[in-house]
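Sharing a structure, written as structure tokens. Questions coming.
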Protein chains: 2
Amino acid sequence: MRDDEGMPQLRLALAQVDACVGDLAGNADLVVEWTRKGVQSGAHLVVFPEMVLTGYPVEDLALRESFAAASRRALDALAGRLVDAGCGDAVVVVGYLDRDAAGPRNAAAVLHGGGVVARYHKHHLPNYGVFDEFRYFVPGDELPIVRVRGLDLGVVICEDIWQDGGPIAALGEAGVDLVLCVNGSPYERSKDDVRRELVARRAAEARAPMAYVNLVGGQDELVFDGDSLVVSADGELLARAPQFVEHLLVLDMDLPAGGHTGSGPIGGFDVRRAVLSEQASAAYEPLPAPPVAEPLPDEAEVWSALVTGLRDYVQKNGFKSVVLGLSGGIDSAVVAALAVDAVGAAAVHGVSMPSQYSSEHSRGDAAELARRTGLHFSVQPIADQVRVFVEQLGLTGLAEENIQARCRGMTLMALSNQHGHLVLATGNKTELAVGYSTIYGDAVGGYAPIKDVPKTLVWQLARWRNAEAEKRGEAPPIPENSISKPPSAELRPGQLDADSLPDYELLDDVLDDYVEGDRGYADLLEAGFAPELVERVLRMVDLAEYKRRQYPPGPKITFKAFGRDRRLPITNGWREHAVG
Amino acid sequence: MRDDEGMPQLRLALAQVDACVGDLAGNADLVVEWTRKGVQSGAHLVVFPEMVLTGYPVEDLALRESFAAASRRALDALAGRLVDAGCGDAVVVVGYLDRDAAGPRNAAAVLHGGGVVARYHKHHLPNYGVFDEFRYFVPGDELPIVRVRGLDLGVVICEDIWQDGGPIAALGEAGVDLVLCVNGSPYERSKDDVRRELVARRAAEARAPMAYVNLVGGQDELVFDGDSLVVSADGELLARAPQFVEHLLVLDMDLPAGGHTGSGPIGGFDVRRAVLSEQASAAYEPLPAPPVAEPLPDEAEVWSALVTGLRDYVQKNGFKSVVLGLSGGIDSAVVAALAVDAVGAAAVHGVSMPSQYSSEHSRGDAAELARRTGLHFSVQPIADQVRVFVEQLGLTGLAEENIQARCRGMTLMALSNQHGHLVLATGNKTELAVGYSTIYGDAVGGYAPIKDVPKTLVWQLARWRNAEAEKRGEAPPIPENSISKPPSAELRPGQLDADSLPDYELLDDVLDDYVEGDRGYADLLEAGFAPELVERVLRMVDLAEYKRRQYPPGPKITFKAFGRDRRLPITNGWREHAVG
């Protein structure tokens, strides 16, 4: 038995799960399954991420009345199913899409005993980066506090803790014993440990510990990394889940019951209290504290994000296998290695598609990659198709180069149609930024796994992945020659990327400042880049918007990924490099 | 001389012009050119549309500090250039992108005598449909009123008149003699005459006449129709510009000077008055009232919107010519006729690309279209390319059908690369909705002129265009056979659209309710559609999101066009038809 019997105990379970947008039935099953796991672990309270029942983000589905009505019905049915599953005693917090007279709501419900005992509507609606919530949802200003086993629990949703002056301050003033923050917070590279620091700061503001539970898994271009955690009121990290895996984080907490009573209008909110159970749990022996997961090192974190995004895109869209072109170069080699890690070598089909300009080493490197990874390998020369197009249409120069890339794209799409594979595009972020790709050629595909990975990071990831394999005593998947040779599109004799582009190290530096850093021409000159280089790069970037829009979706690892949240005009007379 | 010398006169010019996003230099030239026209007409006041200096919408350019700084510099320079151009006495109202410590602003400036005499920052920021302004701009709450020739002028921007409780009420309370509303308001089919009714209602609220000036022309997927107008305080339509053309609407107004003085905090705004000139104009003979343009009838309006969108997309993106596949079917025939109207037959290249499944009448109808319109016509059979792909890869069924569409797409792209034409995709909205197209096949192109036109409207437009030609004594451009024959993709022997799709009349009815009307499965059954039909259509629509995203941009004529403002998840487990 425990010593400090005066302090109520709570066994908390954070269910870091992988929901699929729109799949109300599947997501409800997920909630039942993981609640049951929580209850089997003795948890009193099981908390799920933001909009777990609908998946996140639902985009325009939020505006469909029939979908919102189905979400509300699914929530009610879920409350009943939890009782049937023997989880009626547990308190379960579930994010869902609500809708009332004011409009759609990003909501969280507290379920207990077969019914909904409280609902909270997200107050702060983010409308930047990947978020369009102000477009879709109506903000809430009611703040429920639910007493469970004598402890007062507040619920907030994601952005509510990222902006000042929201519900956390009101909860602090009203008084709570624990704050539950449910999230759909996408992975972003090199954010340092901002989440943990933020949660600690808000816990202090709420004068209560905070439990932060996040989605995990890929949804279109977003990758959720999990990283659920619990922080004490004074900022101590009590528990942390591993990234990029589904996980149930179970933690026993001793919480001083404050006997709070604040309600009514507080800090712009209407605070409403509900009592589920006044009686604290009978004292019990707590579980050992769960291990505190360490955030992954940079390359491992990026690799995991890319693998997670790819695996979920394949699986959630119902594909059983993928196909990609293997040129022998670094990009396709890294995408192949990612695909093998994501869906297994047996589900990966690599196709070498040599033309008359393909070098011997390219074909050899592609075959070597296949040998090392065990993926299915085939060779489909494109010379005959290219010859017909070139001769019939009298193609020369760029038109002749592009038709080669396009015959490869057509070959991959035909194999996809014939065999049901998802086609992977192998372009990287640097190419996408400057438009160094062929629309309907190498840009063909349903998913582009390294779309947000700059070329220099592609090399870095290749070396890291090979080193990891060596550490594990496995064969490094990527042929050394693919990493070390000078990059070439091989669309004409002796062609090298360096003929058309600046050195990749330098190019990525300029792009990082221009795209991610949003610096203008003058800032870039001030940063020491040569004017001719800056003008050349900016001209390419400014003119490539149409190509970028036609590129398949891919996992986002930076704030300024090229994709749905970054919208530049296509018809655009602005030339950044032309102004001082 | 005039009789009523006591009532100040004002000669107002509304410059309904076609700006290009990002082209600060070109747009500034446009403002100078049209101000000069206004001054030559004796106008005292020349008013330009919303963000005319930057073009609209600037999308993510709004967030670039270097672009906002360039916009501000361009505005200052413009004020000086207007003096140099002999327009220093005129008062000129110009929309532009401003930026201050709070962030980017959708702004309008009043220019006079070489400087900026007042700035207004848009208050209501629309964030629905095609608009994302809450994402990009900070709302303003200062309201300048400028006295010009003894008359008090207020300025508001677009959405400010579409929402209740904005600056119009404050202007009414403070007191003004004329309200100028500057707009970037896109065309939308069958809106009836909501603009005119709204302007009349707001004029009553402001207790002053209102002059409404709108952009004209195409910008990516938007088409602005102009339709600038002036309404008296009691709702009388005083002047109206024709749609879809640049136009200077010059109107003499007799305005009772109210000698208003209200300022300071009014209705949530900080009202600030500035005096440019107290002295009314010496009485002069007014110009005859300009003709009040009638809105175009439905088909003419749609046709003009499509032609305008296409012409501006071609020209603003620097293309000299277009190329498209001519199948002999109705879609490509209508796109060809639109292209000829937009850029002239000499700049239109039609390519017949028969396969072994192409019928004699298809080839003949394509040639006949070319003969009637005078466009450049060539024949490029695809049988050889298709054979190589089919034999080498062992293609059958859908894979064999798709490779035909793709060899056509590759042919058009190769001709584009070789000769510099813009490729036009010929798919219609019905196909796009249900995914009845081949990605990288018939979906290839830089612009899709009938992307937002349902199949039944394609036929209707074809008949209308032919009838118009006959009225003018010209040859109808579209062969009767292309209109009357049953539609077929001709990708296998004897194939008809009717094998794969419901009857187009019925299909378009369901789609209109499901897509435009946002009705759910239950509503559709209630509307009397058969369950099997609804299930079949909804299943196709729900599964086609990826294809729709890969489609080229095209002119938007409905609120629910498939394009950038309609965002459904790709990975989407929601099946509308599966719920009751």
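Keep in mind that glycine also has a Cβ here, set from the backbone N, Cα and C atoms.
As annotated in TrEMBL:
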- B:10-255: domain 'CN hydrolase' (DOMAIN)
- B:GLU50: active site, proton acceptor (ACT_SITE)
- B:GLU50: active site, proton acceptor (ACT_SITE)
- B:LYS122: active site, for glutaminase activity (ACT_SITE)
- B:TYR128, B:SER185, B:LYS191: L-glutamine binding site (BINDING)
- B:CYS158: active site, nucleophile (ACT_SITE)
- B:GLY325, B:LEU326, B:SER327, B:GLY328, B:GLY329, B:ILE330, B:ASP331, B:SER332, B:THR426: ATP binding site (BINDING)
- B:ASN402, B:GLU431, B:LYS547: deamido-NAD(+) binding site (BINDING)
- B:470-491: region 'Disordered' (REGION)
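Mind running through what each feature is packed against?
Other C-beta atoms found within 10 angstroms of the C-beta of B:GLU50 (active site, proton acceptor) number 28, with every protein chain shown included.
In the three-state DSSP classification, B:LYS122 (active site, for glutaminase activity) falls within coil.
For B:SER185 (L-glutamine binding site), the count of additional Cβ atoms within 10 Å of its Cβ stands at 24 [all protein chains shown].
According to its DSSP assignment, B:CYS158 (active site, nucleophile) is helical.
Within 10 Å of the C-beta of B:GLY325 (ATP binding site) there are 28 other C-beta atoms, taking all protein chains into account. Reduced to three states, the DSSP call for B:GLY325 (ATP binding site) is strand.
B:LYS547 (deamido-NAD(+) binding site) carries a helical DSSP state (H, G or I). On its own chain, B:LYS547 (deamido-NAD(+) binding site) has B:LEU432, B:GLY435, B:SER437, B:ILE439, B:ALA443 as residues at least 6 apart in sequence with a Cβ closer than 8 Å to its own Cβ.
For the region 'Disordered' (B:470-491), same-chain residues at least 6 beyond its ends with a Cβ under 8 Å from one of its own Cβ atoms are 327-330, 333-334, 336-337, 340, 355, 357-359, 361-362, 364-365, 368-369, 372-373, 400-402, 404-405, 455, 459, 462-463, 497-498, 504.
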Measure from the CA atom of B:GLU431 (deamido-NAD(+) binding site) to the CA atom of B:GLY329 (ATP binding site) and give the result in Å, rounded to a whole number.
14
Cβ within less than 8 Å of a chain A Cβ is the test here; which of the recorded positions B:LYS122, B:SER185, B:GLY325, B:THR426, B:LYS547 meet it?
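Near chain A: none of B:LYS122, B:SER185, B:GLY325, B:THR426, B:LYS547.
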Would you give the longest CA-CA distance, in whole angstrom, between residues of B:ASN402, B:GLU431, B:LYS547, the set recorded as binding deamido-NAD(+)?
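The widest Cα-Cα gap among those binding residues is 15 Å.
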Pull out the binding-site residues from the set B:SER185, B:GLY325, B:SER327, B:THR426, B:GLU431 whose C-alpha sits within 10 Å of the C-alpha of B:CYS158 (active site, nucleophile).
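Qualifying among B:SER185, B:GLY325, B:SER327, B:THR426, B:GLU431: B:SER185.
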Around B:TYR128 (L-glutamine binding site), how many other CB atoms lie within 10 A of its CB?
15
Name the one residue among B:GLY325, B:SER327, B:GLU431 whose Cα is closest in three-dimensional space to that of B:LYS122 (active site, for glutaminase activity); these are the binding-site residues.
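Nearest in space to B:LYS122 (active site, for glutaminase activity), counting only the binding-site residues, is B:GLU431.
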Say you check the Cα of B:GLY325 (ATP binding site) against those of the recorded positions B:GLU50, B:SER185, B:LYS191, B:ASN402; which is nearest?
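When the Cα distances are compared, B:ASN402 comes out closest.
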Whole-number Å distance between the CA of B:GLU50 (active site, proton acceptor) and the CA of B:SER185 (L-glutamine binding site)?
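Cα-Cα distance, B:GLU50 (active site, proton acceptor) to B:SER185 (L-glutamine binding site): 9 Å.
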Could you state the CA-to-CA distance between B:TYR128 (L-glutamine binding site) and B:THR426 (ATP binding site) to the nearest Å?
28
